[in-house]
């Protein structure tokens, strides 16, 4: 979607892609600000810290509940008398968590690889060459971005039911890849478009093939974009819920999110198990997000705003 | 900044054929003979197979009579649509969907504007606090919704305990059992999970406003609020519109929040179209498909509006 923007408004808007560069000046400013703390700065910091804590509270409560002894679960206290690990041990033993974890890893990993294999060539070609049907292709990508799996659930279910592919990891890989493809194409097109084509040409004059130039010149320069696309895809697939819920009906073939939802019964909810499983599920995401935090803003700048 | 502007001409889709010289030209022609197919073919195939085929399958299903176990029992004609439009719940579900979407997107945009302005400033701990802001985005929506459901639990919910301790309520309440209190809470959760993406989009937009513009405003003696209204907001418009559109689509299609917190119940009193569709799926997949088609038609309307707005955005930007 945004790719239409990116390429066509590039000249008109003052905004330009700043893949990694434009970091120096804010940092310099922040150093200056920290040297003299004016009341206004302090007030800003106080509000920001308060908000940050508020944003983390639901997840803190999640961890607290996961560490609550079963006997204290329904006590109306802020903190339990003691913290125990037994919920983690029990949930691992008594549920399909290990299977769910495996499915989630396969689905998130598989769809990320597939997205990269499919999106990278498409984004490169679209960014570099004005071919016939280019506009149509970008429109198709845009439309995919807008059609979310939720609105197509019944169609997806019927399709994979008829293909006899329900409860298959491959189905979930295909679906997650397809619905995350648009974002990857969009962000990669923006990144590759911002890399001067002369660099490639120079490499080609020096004897590299176009493919060689792509691999050895363009790809390394587009790495921040590639990393952003990879991490976003992985996290989106890892957190995906509705397709897993609809396309996998057997407990052992469901991804982690659906497994977590299974702790919510019709009449009772196993809260301590539920949150122990959630804590396990959230760890890889925190690691990945910590890894790309600084790419998030530049990634969004490249993709959406121009 | 100056180096960036120097790059701008190359950001326009390059014309290697025209730009390339010597050896490069020959390579270009070999690539041309293959055409775009090997490059974009796989992407198109994936989209057609997993995004467009289900659209066809969904429309087809809405005209079929299908048993609970999945066997096709012949054509249903327009029966499923008639059944759907005769459903007494449909009107209230559609109304709820509109209210839900408009309320959540409006609140998200307003709060995000404030948050972006705040986190654009310099203060100690900016990096850490920005990092915390990502949390609801990194955690799955389902997980956040479940956490809120637990915090609102009648006997053990920490929010109930907190509100009782602060004297806001007399006794713990079953917030999610009653549609009139369940809706505001679910909307709050929807806003909560939408804030990170929207705020970051707006932050990215704020980052593209050159410092010189603000310096010029300061030299001219423009006030803070005036600067924001006359300079920041207009320059933020592209980012703002992206935020509005992405949120409209996301919130309209939102499923896990309501599903995790109330399952759309009691009956369909807290259901939007997507949740209603899922409730129907278990009893009558044909009627569910009809609901999906109606739902999908609404999405298409949103997409067309978006295309129209983005063209308008482009022309005036």
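Note: Cβ is positioned from N, Cα and C throughout, glycine not excepted.
These numbers come from a predicted model, not from an experiment.
Per TrEMBL, the features are as follows:
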- B:94-306: domain 'ABC transmembrane type-1' (DOMAIN)
- B:1-24: region 'Disordered' (REGION)
- B:37-56: transmembrane segment (TRANSMEM)
- B:93-119: transmembrane segment (TRANSMEM)
- B:131-152: transmembrane segment (TRANSMEM)
- B:182-203: transmembrane segment (TRANSMEM)
- B:239-259: transmembrane segment (TRANSMEM)
- B:289-309: transmembrane segment (TRANSMEM)
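Long-range contacts of the transmembrane segment (B:93-119) within the same chain, counting only residues at least 6 positions beyond its ends with a Cβ under 8 Å from a Cβ of the stretch, are 126, 129-130, 133, 183, 187, 190-191, 194-195, 198-199, 202-203, 205-206, 228, 232, 240, 243-244, 247-248, 251-252, 254, 268, 270-273, 276. Here the transmembrane segment (B:37-56) has long-range neighbours at 296, meaning same-chain residues at least 6 beyond its ends whose C-beta is under 8 angstroms from one of its own. Tertiary proximity for the transmembrane segment (B:239-259) is limited to same-chain residues at least six positions away from its ends with a CB under 8 Å from its CB atoms, namely 97, 100-101, 104-105, 108-109, 112-113, 140-142, 144-145, 186, 189-190, 193-194, 197-198, 201-202, 204-206, 208, 233, 270-272, 274-275, 278, 298-299, 302, 306, 309-310, 313.
Here the transmembrane segment (B:131-152) has long-range neighbours at 115, 119, 158-160, 175-176, 185-186, 189, 192-193, 195-197, 199-200, 254, 256-257, 259-261, meaning same-chain residues at least 6 beyond its ends whose C-beta is under 8 angstroms from one of its own.
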